[in-house]
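What Swiss-Prot says about this one:
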type     : residues : note
SIGNAL   : 1-25     : signal peptide
DOMAIN   : 26-313   : domain 'FAE'
ACT_SITE : Cys168   : active site
ACT_SITE : His247   : active site
ACT_SITE : His345   : active site
ACT_SITE : His349   : active site
ACT_SITE : His378   : active site
ACT_SITE : Asn382   : active site
Amino acid sequence: MDLLVMLLSLLVSYLIFKIWKRIDSKRDQNCYILDYQCHKPSDDRMVNTQFSGDIILRNKHLRLNEYKFLLKAIVSSGIGEQTYAPRLFFEGREQRPTLQDGLSEMEEFYIDTIEKVLKRNKISPSEIDILVVNVSMLNSTPSLSARIINHYKMREDIKVFNLTAMGCSASVISIDIVKNIFKTYKNKLALVVTSESLSPNWYSGNNRSMILANCLFRSGGCAVLLTNKRSLSRRAMFKLRCLVRTHHGARDDSFNACVQKEDELGHIGVHLDKTLPKAATRAFIDNLKVITPKILPVTELLRFMLCLLLKKLRSSPSKGSTNVTQAAPKAGVKAGINFKTGIDHFCIHTGGKAVIDAIGYSLDLNEYDLEPARMTLHRFGNTSASSLWYVLGYMEAKKRLKRGDRVFMISFGAGFKCNSCVWEVVRDLNVGEAVGNVWNHCINQYPPKSILNPFFEKYGWIHEEEDPDTFKMPEGFM
């Protein structure tokens, strides 16, 4: 009898040990953001209204209609007066870039951000175990990741990933790589470096589908410090709750929606196809289908299913009736999902005013929810994959982020991709702590009373019909 009791005790103890071991291992797989640092280029790289007009005029391939199209795009873009461009633009060499221009642009960015984020957290470059670099439009040899390792003399056994051509959704992809490595290796520190090189990618042709990219993209970048160390969890800012990636590259129309190619004259640029909005919508819907059950409470999912059922019943034609319109659904039944039941803040990619408006409409968001994305677009423009971190920085600077809040990051990229993730705020974040917040110098000015682009006043003539043969540039334009 005693032997049986002893065996049962050993069995129970073994089961408890295995359960505890599994739970304990899961705890070490958590992905935390310790800190992040967005890049603010120097003021001598600031782009204002007059300078934007000067750059446009330097392109001798543009005709009147292309000038007007380009200026209209800038007017309606939601971009303000204080965004940044690469140095060669101010030297008048945007149509004659060199490889060194792109490398210097990236070096200026990563030295600024990496040094600040490591110094602030008292971490040596040699302590970094994982390095993920994503810059879509610059592919050098050695790689940018190798240049960072060389500059900071990092360890020989560092795990390195250099991502290119992943588009504006590359930040979330980089986080996914780190998350998966954290599942295998314990007690690690990771550094994600995200930016875009504009220097070698200015389009100097006149194809409308390709000059649009010149209007939207601006210089920027971010370095993000992550860990799965349990000992550092109390210092962390955010904890990753879930991440979903959607890729529609198998569909030809989605694949061709955003493509780098040559135009008829041989000028290389990024072609934005008219199918882009539809491709983005499809990818967004498919992404939401997967992530929604992971982030919303069961009560909201049940409410949504009940609303759909009621809507379907009301729209069904009655027996013996052949007129479907007689069974039209009545007003008052809301079938949309309320994402605010599980999400507190929405971190939206600043791909443009239309992108922000479309996501806001789809998720039934108000102006308070969209303010961080709109203000980021206005102040920094579309900084590609790093734009999400500027939006997050705005929320932090405005003291919106409280312990337990959940932040929904949504990004889009060529391919076509939609990637999203949800972060939980681990502790209250106050701007007093974040001495390196890129918004600290100007947050009191936002939101401004108006974000009307000065082009609207200065270049109002672009909305007038003109004869290209008799048209003369207005006085003061040049």
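Cβ coordinates come from backbone N, Cα and C, glycine included.
Set side by side, the active-site residues His247, His345, His349, His378 differ in how many other CB atoms lie within 10 angstroms of their CB, and the most is found at His349. Nearest Cα neighbour of His247 (active site) among the listed active-site residues (Cys168, His345, His378): Cys168. The closest partner of Cys168 (active site) among the active-site residues, by CA position, is Asn382; the full candidate set was His345, His378, Asn382. It is 13 Å from the Cα atom of His378 (active site) to that of His349 (active site). Neighbours of Cys168 (active site), defined as other CB atoms within 10 A of its CB across all chains, total 27.
All protein chains considered, the CB of Asn382 (active site) has 25 other CB atoms within 10 Å.
Distance between Cα atoms for His345 (active site) and Asn382 (active site): 20 Å, as a whole number. Geometry remark: Asn382 (active site) versus His349 (active site), CA distance 8 Å.
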